[in-house]
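What Swiss-Prot lists as disulfide bond is 23-35, 29-44, 34-67, 54-75, 69-81. Annotation comment: Swiss-Prot describes 1-21 as signal peptide, evidence class sequence analysis.
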């Protein structure tokens, strides 16, 4: 019984962590993160570092595959962050 209780507790903690990362817009994410994903499942993700996948910044702040790059980096034509 204790094992079942422990498993349930761990599962609930994991679900709370997943839910806390969901977002509806950029305003839901902390600094250094953007709201990215499909229409049904968006999560706060970190801005892209050097060589990581990215999407160019846009005025609507809507991203599906990944976030824009960190400051001082730019998103190349092959959607990878590189030095500006």
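Glycine too: its Cβ is placed from the backbone N, Cα and C atoms.
In the three-state DSSP scheme, residue 35 (disulfide bond) falls into the strand class.
Note on proximity: of the disulfide-bonded residues 29, 34, 67, 69, the one nearest residue 75 (disulfide bond) is 69, by Cα distance. Reduced to three states, the DSSP call for residue 54 (disulfide bond) is coil. Within the same chain, the residues at least 6 positions away from residue 69 (disulfide bond) whose Cβ sits under 8 Å from its Cβ are 47, 48, 49, 52, 54, 75, 81, 82, listed in sequence order. The local packing around residue 29 (disulfide bond), expressed as other Cβ atoms within 10 Å of its Cβ over all shown chains, amounts to 21. Across the disulfide-bonded residues listed here (44, 54), the residue whose Cβ sits among the most other Cβ atoms within 10 Å is 54. Between the alpha carbons (Cα) of residue 44 (disulfide bond) and residue 35 (disulfide bond) lies a span of roughly 5 Å. Counting only same-chain residues at least 6 apart in sequence, those with a Cβ under 8 Å from the Cβ of residue 34 (disulfide bond) are 26, 44, 45, 47, 61, 63, 67, 68. The Cβ of residue 23 (disulfide bond) lies under 8 Å from the Cβ of 29, 35, 42, 43, 44, each on the same chain and at least six residues away in sequence.
DSSP assigns residue 29 (disulfide bond) to coil in the three-state reduction, placing it in neither a helix nor a strand.
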